[in-house]
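**Q** The domain 'Globin' annotation in Swiss-Prot covers 1-141. Here Swiss-Prot flags 3, 49, 124, 138 (among others) as phosphoserine, drawing on similarity to another entry. Residues or ranges marked as N6-succinyllysine in Swiss-Prot: 7, 11, 40 (among others). Under the heading N6-acetyllysine, Swiss-Prot lists 16. Feature annotation from Swiss-Prot assigns phosphotyrosine to 24; the stated evidence is similarity to another entry. For 58, the entry in Swiss-Prot reads O2 binding site, with the evidence type sequence analysis. Per Swiss-Prot, heme b binding site is recorded for 87, and the stated evidence type is sequence analysis. As annotated by Swiss-Prot, phosphothreonine applies to 108, 134, 137 (among others), with the evidence given as similarity to another entry.
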């Protein structure tokens, strides 16, 4: 459960992402594909090369979903319900992949905002991304 301090940290950190959200989403996806090559199997139709328009497009979708989760941090199950259905029933993404992408998102945010990535912010973002992952995998059961 996110504390009030966690929610503040997440909103502040994500606010600094701003217009870079799509780029950071794509960066995190590229990191995931390079670090965890098995994740590429979910994107057989994508050009996975650096800077690919498809990776950038999906990175924007990831970032938009996270922006939605931040905006509805107190009601993520409803805010992410359609996305949870999509990943569970149509795409059938292995739930472990959400943890892998979450890790890569943390690395991306730390790389782009090192001065702001304090231990407290890191912990809050980690808890937030774990909550998002839990919501996205809730329809698997």
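Don't overthink the numbers, they just go from 1 along the chain as shown.
Cβ atoms are placed via backbone N, Cα and C, with glycine included.
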**Q** How far is it from residue 11 (N6-succinyllysine) to residue 58 (O2 binding site), counting Cα to Cα, in Å?
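**A** For residue 11 (N6-succinyllysine) versus residue 58 (O2 binding site), the Cα atoms are 22 Å apart.
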**Q** In the three-state scheme derived from DSSP, which category covers residue 11 (N6-succinyllysine)?
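**A** DSSP assigns residue 11 (N6-succinyllysine) to helix.
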**Q** Could you tell me which of these modified residues, 3, 108, 134, has the greatest number of Cβ atoms within 10 Å of its own Cβ?
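**A** Buried the deepest by this measure is 108.
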**Q** Who sits close to residue 87 (heme b binding site): which same-chain residues at least 6 apart have their Cβ under 8 Å from its Cβ?
**A** 93, 136, 137, 139
**Q** Which one is closest to residue 124 (phosphoserine) in space, judged by CA to CA distance, out of the recorded positions 24, 58, 108, 138?
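**A** Closest recorded candidate to residue 124 (phosphoserine) by Cα: 108.
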**Q** Restricting the comparison to the recorded positions 40, 49, 58, 108, 138, which residue's C-alpha is spatially nearest the C-alpha of residue 3 (phosphoserine)?
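**A** Minimum Cα distance from residue 3 (phosphoserine) across 40, 49, 58, 108, 138 lands on 138.
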**Q** Could you check the modified residues 49, 124, 138 and say which one's CB has the fewest neighbouring CB atoms inside 10 Å?
**A** 49
**Q** Between 0 and 100, where does the mean pLDDT of the domain 'Globin' (1-141) sit?
**A** 94
**Q** So of all those modified residues, 7, 16, 24, 49, which one's Cα sits nearest to residue 138 (phosphoserine)?
**A** 7
**Q** When the Cα-Cα distance from residue 134 (phosphothreonine) is computed for each of the recorded positions 7, 24, 49, 58, which gives the smallest value?
**A** 7
**Q** Measure from the CA atom of residue 7 (N6-succinyllysine) to the CA atom of residue 108 (phosphothreonine) and give the result in Å, rounded to a whole number.
**A** 20
**Q** Let's check the environment of residue 24 (phosphotyrosine): how many other CB atoms sit within 10 Å of its CB?
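**A** Residue 24 (phosphotyrosine) is surrounded by 22 other Cβ atoms within 10 Å.
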**Q** In whole Å, how far does the CA atom of the residue listed as 'N6-acetyllysine' lie from that of the residue listed as 'phosphotyrosine'?
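**A** Cα-Cα, rounded: 12 Å.
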